[in-house]
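Annotated features in TrEMBL:
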TRANSMEM  A:21-41  transmembrane segment
TRANSMEM  A:47-70  transmembrane segment
BINDING   A:His71  heme binding site
BINDING   A:Tyr83  ubiquinone binding site
TRANSMEM  A:91-113  transmembrane segment
Amino acid sequence: MVKRIVVGAHYGLRDWIGQRVTAIVMALYSVYFGICALMLPEMSYEAWSGMFAGGFMRFFSFLFFMSLFYHAWVGVRDIFMDYIQPVGIRLTLHVIVMFLLIGYAGWAAQILWRL
Amino acid sequence: MLPLLLSLFADSLGSAETFADYKDTVSNPLVKLILFGLLWAFLHHFCAGIRFLLLDVHKGLDLASSRQSARLVLIVSLVLTVLIGVKLW
């Protein structure tokens, strides 16, 4: 007989992997960003915006921000699941954090593609 | 803190004028202090994250080496913070 579990969220593994994949993306980006920033001849607007003008840098930066917000979502949600027991408050907090993170994602896209 | 960082990032990439605003903001000692605090938090999370990824693949799982790597994370992240902090000051 198949054992059916009727409680719980069942997305543990997906989020566990998501957390690690986004972590690796951010770690690689951090190193890449650090090297690029160190190679800038001077900290001027031209040099700095030039660094973000290339298609690859823009794409990688956007990927970093998406990873950051998904990673933050998993982390914050886990904290709320552990420490905020009243369902109403937890749901409210989840919704607030979710909308904030989606808003930040839009903001990041706007910054990167306005150049 | 994310809105602060994003607005600084937006200023730094907006135009030459907003870049000057950005420079003004980050030269404020209080802002600098906050940013270095965040830098430390980020680097600690970065190092600890690498440690957890290694633990995930069963590297250094025994008590002695995991204690040692925990200590190493603390030291390396502080050293990196100081190095980058000095570079950015």
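Cβ from N, Cα, C; glycine included.
Automated prediction, rather than curation, is the source of TrEMBL annotations.
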Distal contacts, the transmembrane segment (A:21-41) - CB-CB under 8 A, six or more residues away = 47-48, 51, 57, 60-61, 63-64, 66-68, 70-71
Note = Whole-Å Cα distance, A:His71 (heme binding site) to the residue listed as 'ubiquinone binding site', is 19
Ask   = Of all the binding-site residues given, A:His71, A:Tyr83, which has the fewest Cβ neighbours within 10 Å once its own Cβ is left out?
value = A:Tyr83
